[in-house]
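*Asks:* Pulled these from TrEMBL:
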REGION    1-92  region 'Domain I, interacts with DnaA modulators'
REGION    114-330  region 'Domain III, AAA+ region'
DOMAIN    147-275  domain 'AAA+ ATPase'
BINDING   158, 160, 161, 162  ATP binding site
REGION    331-452  region 'Domain IV, binds dsDNA'
DOMAIN    358-426  domain 'Chromosomal replication initiator DnaA C-terminal'
Ligand SMILES: Nc1ncnc2c1ncn2[C@@H]1O[C@H](COP(=O)(O)OP(=O)(O)OP(=O)(O)O)[C@@H](O)[C@H]1O
């Protein structure tokens with residue numbers, strides 16, 4: 001449950017590690033019932049302890065996530081854990097079998113190391129911002145070592161570079177179970193190297209990295225300024241490349257902009273294909289949110305997805321975080337997910353006016369601008385001098401407030417499809433007509449400065 005992992009993060013920052021591991025490690029979130037978070041604890045003693053020691057802290061964490069009236073309760077878990085679940089709550093994962101600690105890395109499958117199961121091609125939304133990077137990744141996945149080598153993907157934080165790399169890893173792993181696939185961050189490559197030097201295990205280090213069939217290295221810009229790591233990476237790169245093993249690198253900038261990167265490495269990074277990922281545009285952001293909601297099996301109305309996508313524009317990780325915040329907020333406050341709930345949950349992200357502007361203020365301001373009365377805009381007149389300002393008023397309300405189409409419809413005594421049509425019409429006009437674009441900008445600025 002995402003809510004629970006956010007709460008745990010909060011708790012962890014406020015108590016000691018020992019306390020955290022003693023009490024919180026075995027707690028199972030059982031669900032949210034009428035706004036009350038139900039936690040499963042091991043025995044009656046834990047239950048009492050939690051009630052007397054941690055209720056406030058957990059409630060503070062919930063408040064921090066937007067719950068207005070947070071409540072938490074505890075249930076003792078039966079010895080067999082999945083025997084007593086609340087109706088309608090997700091089944092907690094069965095307790096994992098104790099396993100010996102893996103020697104070097106968390107190996108999920110014999111042939112692939114460190115891949116996130118969610119980061120597949122199926123879960124990747126393709127848009128104009130990332131279609132070239134996606135196509136290159138698919139080409140590499142279909143013929144590793146033979147398409148583009150290395151594939152160098154760059155772009156700003158949180159735009160899907162790691163996701164694409166892992167997607168190649170999953171794809172190759174399914175088709176070539178014998179291939180060794182490894183994902184590392186540049187930081188862990190550097191740490192492995194430092195440990196190998198310290199423990200006198202350079203041969204093992206080289207054997208490990210040079211026997212990989214598909215090497216995925218994240219954040220390669222962190223090689224900058226690390227001479228010894230660059231040297232070792234150079235040899236690893238050559239060994240793999242000569243043997244037609246595939247290398248994929250990600251970075252926040254293209255090779256030419258990585259300062260203090262040795263020229264021989266830079267030129268190698270440019271041997272294959274360099275491709276970038278840009279920030280997604282509105283439609284792609286909505287599609288990503290939609291897919292996220294589907295993966296998590298939560299139902300979120302389209303107009304809420306659009307509201308989130310409109311305000312969170314640059315980073316997909318933040319976009320996903322905003323969706324989860326809205327869902328957690330609604331669940332903790334026991335309310336439906338709608339536009340105004342979303343606006344409340346994300347109030348720090350939204351500009352204050354977005355939430356506070358009133359439909360009447362906007363109506364008055366638009367009427368004033370066009371020299372007509374607010375009553376005329378709300379009335380039934382079909383003259384052009386009234387219809388255009390009316391459509392503009394509906395458009396502005398939709399742009400500047402969090403009201404839903406039915407709410408705007410009610411305000412104008414019309415049904416929501418009429419409002420939708422008017423807003424679509426005005427959007428098209430604004431795109432075509434530069435004069436109207438200016439009017440919309442002026443009105444919007446005026447309203448944001450002083451909503452009168
Ligand atoms: N096109 C997309 N479709 C679906 N989800 C996406 C897409 N792009 C990114 N994401 C999601 O956004 C989140 C951030 O992506 P990712 O970690 O791959 O970004 P990154 O570019 O590697 O960031 P960083 O530079 O911080 O490492 C992930 O949860 C990922 O699944």
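Just so it is clear, glycine is given a Cβ too, placed from its N, Cα and C backbone atoms.
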*Asks:* I want to verify one value. Collapsing DSSP to three states, which class is residue 162 (ATP binding site)?
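*Replies:* The residue in question, residue 162 (ATP binding site), is helix (DSSP, three-state).
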*Asks:* Centre the Cβ atoms of 158, 160, 161, 162, go out 8 Å, and tell me which other residues of that chain have a Cβ in range of the ATP site.
*Replies:* 155, 157, 159, 163, 164, 250, 277, 316, 317
*Asks:* Looking only at the domain 'Chromosomal replication initiator DnaA C-terminal' (358-426), what are its DSSP counts of helix, strand and coil residues?
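*Replies:* Here the numbers are 52 helix, 0 strand, 17 coil.
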*Asks:* Rank the binding-site residues 158, 160 by the number of other Cβ atoms within 10 Å of each Cβ, and give the residue at the low end.
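*Replies:* Result for the binding-site residues 158, 160: minimum number of other Cβ atoms within 10 Å at 158.
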*Asks:* Fewest other CB within 10 angstroms, which one of the binding-site residues 161, 162?
*Replies:* 162
*Asks:* For the region 'Domain I, interacts with DnaA modulators' (1-92), give the DSSP counts of helix residues, strand residues and coil residues.
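*Replies:* Breakdown, helix to coil: 43 helix, 18 strand, 31 coil.
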*Asks:* For the domain 'AAA+ ATPase' (147-275), what does DSSP give as the number of helix, strand and coil residues?
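*Replies:* Counting residues per DSSP class in the domain 'AAA+ ATPase' (147-275), I get 67 helix, 24 strand, 38 coil.
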